[in-house]
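Read the structure below first, then the notes.
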């Protein structure tokens, strides 16, 4: 029973760490936006990177996805879906952006 | 420490305290991951449309007039906290804590989910009052195709929580119900991941490039 109590504590700490990390990243994003304005691309790049970091933190600490052997199947599935997503989003933005330039709409 | 064979699935799980339910849940949980990932692709399409539509404002109100960052900040904190509470509910279930504790954490999650929805709907109403309605421009159509889609997911999560509460009262904590709770927790965490994408791409991206 003691071992289970120990495990419970450890798992709870994982969630709290994930929550704290996500909270810090969220605060950082809004603070950056508040202080520096959201007009420049450099600021947006840092916001984007912090967003990506938060996705990773939540996947690891909330959804328990890591590189341990037994969660590989989930990880494979997520990585494959991410690949599909990147092709879909990247392709759409590329094609429509290119079309806009050719039609002088100055969109992208 | 040697890991027990029942712990083969390290993700969100029921653990050795519920051996029979644990085994049955593993396969179904993986299936649910497949559903979540196809849902993710659907969201991805809506994100792609939004990105290509950011400039298509047709002279209508744009991100700078319509987005209320204070409200977005509050919604973000609420949804993030609900992701923690649903995790705590999972732990209460996994480690056989008193049932009141499970109900408490799921209850807090439901309340947070509903408050998120109230704030979001208030935002949409404010936007509509400023002329930001879906048929105004391509940008607004794309916005209303994506953000309320996430809101609809949160609403169905809330409905799911209520149904689980009723089932818990009627049938008690059966294996089937525990397995459903695991999937709800996965779904809820997934919604928070999508929300991170929404604040980064829809709100901040819209303000930067719109």
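Heads up, the Cβ atoms here are built off N, Cα and C, so glycines get one too.
According to TrEMBL, the protein carries these features:
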- B:1-207: domain 'Heme-copper oxidase subunit III family profile' (DOMAIN)
- B:30-52: transmembrane segment (TRANSMEM)
- B:72-93: transmembrane segment (TRANSMEM)
- B:102-119: transmembrane segment (TRANSMEM)
- B:139-163: transmembrane segment (TRANSMEM)
- B:184-204: transmembrane segment (TRANSMEM)
Same-chain residue ranges lying at least 6 outside the transmembrane segment (B:72-93) that approach it to Cβ under 8 Å: 12, 14, 101-102, 105-106, 108-109, 112-113, 115-116, 119-120, 123, 154, 178, 181-182, 184-185, 188-189, 191-192, 195, 199, 203
Within the same chain, where does the transmembrane segment (B:184-204) have neighbours whose Cβ lies under 8 angstroms from its own Cβ atoms, ignoring anything closer than 6 residues to its ends? I mean 6 or more beyond. 12, 29, 32-33, 36, 39-40, 43, 47, 50-51, 63, 67, 69, 72, 75-76, 79-80, 82-83, 86-87, 89-90, 109, 113, 143, 146-147, 150, 153-154, 157, 160-161, 164
What mean pLDDT score does the domain 'Heme-copper oxidase subunit III family profile' (B:1-207) have in the model? 91
